[in-house]
Ligand code: NDP
């Protein structure tokens, strides 16, 4: 029987919700491109419930305990005295989320000799040291596509919010003002702008599709070109590198995984090469951008705005400079954890566990590391240093 150690974010300050704003979720038939939705044998939760926080337990307890497994759920994840670190040495499976990542460093993996499976309840497994997972034979899986569209919606919201100066204008209302000139002196239309994505995978392409009706010029860079038909349909301009794309765009959105090729990509040089007054949206991973270079670019006016929901580390400390830099639209890491997304990634996590315990293959598209090497989606989208 297995011990499953699950790290989730804290419950709401007023406790787990008794009721919700809406009664149901729209029914989806599948993901764009034909990938099927998670298909576990059963669900022990109501779709639309808060599953991603500690009391929600990803809806896994009944399923795991009925099969004789042990489930430990905690939000206490950092430092040597954390519950995560105390429970890790005899854990067989670790489940974590990018929003509240249990950093599975090489040192921690070395302290967990029984660990065989690390599941990301969401997308993005950079909180796991993939080199160490490969070395120790740990399978890494994530719920590919579960929240890609959720993030794409958030990106579009953030682009519009920054360009149109929504958040400061809303603040004037909260403060009892009617300061139209203050609101509009940084407000523009996106119509006619050049907007580019660094990576056009599931999220990047969904962002492009959602922006097309705004009559903007769309650009992208990726390691592989999109099909010609897609380029034509969306009137896309392909760039061979992020550096090439960044110089011509008014808005850049980052939608690549964090791995050795992308870490620190948006540093002082690349930010300095962008058009003065460009906007940068990063919902991918914080360390793709240089923390202090972003602050400097906003202070100098090189960037007109920066928004996103990814920070390093997470949770961000109270004195993280991105909390107080000018012209930002940051949220905590929430874009991929809407109630809609939670239903999908909780179901996908259960599907992965069902496959694992039954000894049947985990879907290829969910795999990041397997059999001592990058596998599935991991082999396509990630790189490792060794
Ligand atoms: P996909 O795997 O569908 O897409 C990733 C894309 O990035 C692929 O097209 C890949 O290229 C491309 N890519 C990888 N390296 C580079 C590079 N060096 N330069 C240019 N393109 C590159 O993943 P998703 O779109 O679903 O998610 C992307 C990332 O977004 C995740 O890895 C995660 O970090 C982040 N994310 C954030 C969430 C949030 O809540 N904020 C939630 C979900 C994801 P190719 O395959 O062609 O080699």
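Every residue gets a Cβ built from N, Cα and C, even glycine.
The following features are taken from TrEMBL:
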| type | residues | note |
| --- | --- | --- |
| DOMAIN | 62-363 | domain 'D-isomer specific 2-hydroxyacid dehydrogenase catalytic' |
| BINDING | 123, 147 | substrate binding site |
| BINDING | 148, 202-203, 222, 257-261, 283, 309, 333-336, 381 | NAD(+) binding site |
| DOMAIN | 156-335 | domain 'D-isomer specific 2-hydroxyacid dehydrogenase NAD-binding' |
| SITE | 285 | site 'Important for catalytic activity' |
| SITE | 333 | site 'Important for catalytic activity' |
Residue among the binding-site residues 261, 309 whose Cβ has the most other Cβ atoms within 10 Å: 309
Residue 259 (NAD(+) binding site) to residue 147 (substrate binding site) - Cα separation in whole Å: 20
Of 257, 261, 309, i.e. the binding-site residues, those within 10 Å of residue 123 (substrate binding site) when Cα atoms are compared: 257
Cβ neighbour count (within 10 Å, all chains shown) around residue 336 (NAD(+) binding site): 27
Three-state secondary structure, residue 203 (NAD(+) binding site) (per DSSP): helix
Greatest C-beta neighbour count within 10 angstroms, which of the binding-site residues 147, 148: 147
Three-state secondary structure, which DSSP defines for residue 333 (site 'Important for catalytic activity'): coil
Packing count at residue 285 (site 'Important for catalytic activity') (other Cβ atoms within 10 Å of its Cβ): 23
Those residues of the chain, 6+ apart, with a Cβ under 8 Å from that of residue 334 (NAD(+) binding site): 99, 154, 309
Close in space, distant in sequence - residue 333 (site 'Important for catalytic activity'), Cβ under 8 Å, 6 or more apart: 98, 99, 100, 309, 310, 311, 314
Candidates 148, 203, 257, 261, 336, namely the binding-site residues, that fall within 10 Å of residue 285 (site 'Important for catalytic activity') by Cα distance: 257
